[in-house]
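Below is one structure; the comments refer to it alone.
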Amino acid sequence: MRKFLKVTLASALIGCGVIGTVSSLMVKEAKAVEIITHWVPHEVYGMPGEPDNSGKVFFSGLKAKYMGYPKDAQRSPYPGKYSKFWKTLPAYRYYIPDYMYNRDEVRPSNPIKGTFKLEQCVACHSVMTPGIVRDYNKSAHSKAEPAPTGCDTCHGNNHQKLTMPSSKACGTAECHETQYNEQGQGGIGSHASCSSFAQVECAWSIERPPGDTAGCTFCHTSPEERCSTCHQRHQFDPAVARRSEQCKTCHWGKDHRDWEAYDIGLHGTVYQVNKWDTEQFDFSKKLSDADYVGPTCQYCHMRGGHHNVQRASIVYTSMGMSMADRGAPLWKEKRDRWVSICDDCHSPRFARENLQAMDESVKDASLKYRETFKVAEDLLIDGVLDPMPKDLCPDWSGQHIWSLKIGAYHDGEAYGGTTGESGEFRMSNCTDVERLCFESVGYFQTYIYKGMAHGSWNDATYSDGSFGMDRWLVNVKQNASRARRLAALEKKVGISWQPEQFWKTGEWLDQLTGPYIVKNHPGKTIFDLCPDPGWLDTHHAPAEEVEYIERKLKELGITAGSHSAHHHESGHDPAARSMKEH
């Protein structure tokens, strides 16, 4: 809205002869200083290739082909490269309803029988769950014309076959098809792909017991699978979804501190001070009509109310942890789009130079992490890590790949794996040096990017950003110094130290996927047990995709529904056997 007013004002001034052209007011700007040094994923993490001029470089071994993920929730088990090892909890059914609630083979039992109309639902639930009814009565659904959108519209009327509405259910032609289709346009890192992301190529969702990653599962499933994650049920008030706090549920915390960066920065301060003043923030208006005194999350990332919630830039592959080639055409396109958002309130020159400052900060952080990483890598190569990867319990793949080669395609056996296999950060049961390296890039470096991107420069430097990386670099060097001195002393006096057994086995360690693979599939790795489904490489027609995956499942000896999360009153415990084999 303010951008429109700016253009209108410029046109009026031109008409009055006050200024010459729109371009002289809005386009002319100083060019940002180009940064020469570009640290790309292959340089920081050992990933293959050179700077990618397409701009489609992804971190963690994720590939652009991933975006071909076929969305078909009727397929079972949940489609993903590692779905054979994806462990579930009964509560997941509410976050992934089409897969874990709405199919007959997994639908929870219900003591109530019969079919009911809206009025009957309201009468009963006014006693059983009065809060739901109060919220529903405040909603636009309850007041829809010519007839209310009732309980039976979304949940069905057969109490033995009730459904839990998914985003697909909301996205029908009769309801919110436009919004559903807009959300579906998102690529990697978007709400439209965050659920499948956790199953296709990433290991952290299948490495541990499900209780360990419940928070990961909630935030990586519900935004893709349910509209009610952002649109508070059962009111579904758009005004609530337009407030920045609505994003806070997922977008905060150690390794993705979006909320903290926004909240403590100037933009967040303006929001917090004025958010109850309807003249400054009128959330009853659509985003396309918004005229806020400062930006909300939605104002910048859902331009004009479009449901494809956008990352402003992909130049930093995975939250600032490495940098893609800045000569890429896609980088320029993304940066221009980012500036076009900022210039609703700021001059393009101001926006570009602030973003260039962010670039410098991320570049410096990459240099700092490369130095930190090299200290740890040299300990590994020289064989003085305590313990070495071979002395730990098997990693997620059933091997002993060095944890800091995340997403890397290894150079050989020195890193514990075979050339072409990828690693995964170990956040536990690893050397202190590895854990500090993980926190340096995963917690501190990401926050430098988030802080600079959201106007929280002081926080990006002082609290959990640049100065935090300084501390961890010092700690890694100090630990490395001790390790080398101890190794030299042991060699001098002839001590052959054997690592403690607690690195290899323990009550909790034995529950991890790696030890399970070694015990139950001797000589196999997760790469042998979970070959790439064909749809990771090609865009088959849906029927072909289903046939291909079902054939692969049959070859692996997995039957459809092996991940079923039945939870009947007979006492069956789905957590006890949440996978067919595990």
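Any Cβ shown, glycine's included, is placed from N, Cα and C.
Annotation source Swiss-Prot lists signal peptide at 1-32.
Summarising the annotation, Swiss-Prot assigns heme c 1 binding site to C121, C124, H125, H159. Around C124 (heme c 1 binding site), taking its Cβ as the centre, 15 other Cβ atoms fall within 10 Å, counting all chains.
Around the Cβ of H141 (heme c 3 binding site), a 10 Å sphere holds 18 further Cβ atoms from the protein chains shown. H141 (heme c 3 binding site) carries a helical DSSP state (H, G or I). For H141, C170, C175, H176, the entry in Swiss-Prot reads heme c 3 binding site.
H234 (heme c 2 binding site): 21 other CB atoms within 10 A of its CB, across all protein chains. Positions annotated as heme c 2 binding site by Swiss-Prot, on the basis of experimental evidence: C151, C154, H155, H234.
Marked as heme c 6 binding site by Swiss-Prot: H191, C247, C250, H251. Around the Cβ of C250 (heme c 6 binding site), the number of neighbouring Cβ atoms within 10 Å comes to 20. In the three-state DSSP classification, C250 (heme c 6 binding site) falls within coil.
According to DSSP, C216 (heme c 4 binding site) is assigned to a helical segment. Counting every protein chain shown, the Cβ of C216 (heme c 4 binding site) has 15 other Cβ atoms within 10 Å. Residues or ranges marked as heme c 4 binding site by Swiss-Prot: C216, C219, H220, Y462.
Taken from Swiss-Prot, the feature heme c 5 binding site covers C227, C230, H231, H306. DSSP assigns C230 (heme c 5 binding site) to coil in the three-state reduction, placing it in neither a helix nor a strand. The Cβ of C230 (heme c 5 binding site) has P223, A241, Q246, C247 as same-chain neighbours under 8 Å, each 6 or more residues away in sequence.
What Swiss-Prot lists as heme c 8 binding site is H267, C342, C345, H346. Taken residue by residue with DSSP, H346 (heme c 8 binding site) is part of neither helix nor strand, so it is coil. Neighbour density for H346 (heme c 8 binding site): within 10 A of its CB lie 13 other CB atoms from the protein chains shown.
Every protein chain shown contributes to the tally, and the Cβ of H301 (heme c 7 binding site) ends up with 18 other Cβ atoms within 10 Å. A helical conformation is recorded for H301 (heme c 7 binding site) in the three-state DSSP classification. The heme c 7 binding site annotation in Swiss-Prot covers C297, C300, H301, H454.
The region 'Disordered' annotation in Swiss-Prot covers 561-582.
The compositional bias 'Basic and acidic residues' feature in Swiss-Prot is assigned to 567-582.
Within 10 Å (C-alpha to C-alpha) of C151 (heme c 2 binding site) lie the following binding-site residues from C121, C297, C345: C121. Same-chain residues with CB within 8 A of the center of the H267, C342, C345, H346 CB atoms, the heme c 8 site residues themselves not counted, are P295, I341, D343, D344, F350, A351.
A sphere of 10 angstroms centred on the C-beta of H267 (heme c 8 binding site) encloses 22 other C-beta atoms. Spanning the residues H191, C247, C250, H251 that the record associates with binding heme c 6, the maximal Cα-Cα distance equals 12 Å. Maximum C-alpha to C-alpha distance over the listed heme c 3-binding residues H141, C170, C175, H176 is 12 Å. Rounded to a whole number, the C-alpha distance linking H141 (heme c 3 binding site) with H191 (heme c 6 binding site) is 24 angstrom.
Looking only at the binding-site residues H125, H155, H159, H191, H454, the densest Cβ neighbourhood within 10 Å occurs at H454.
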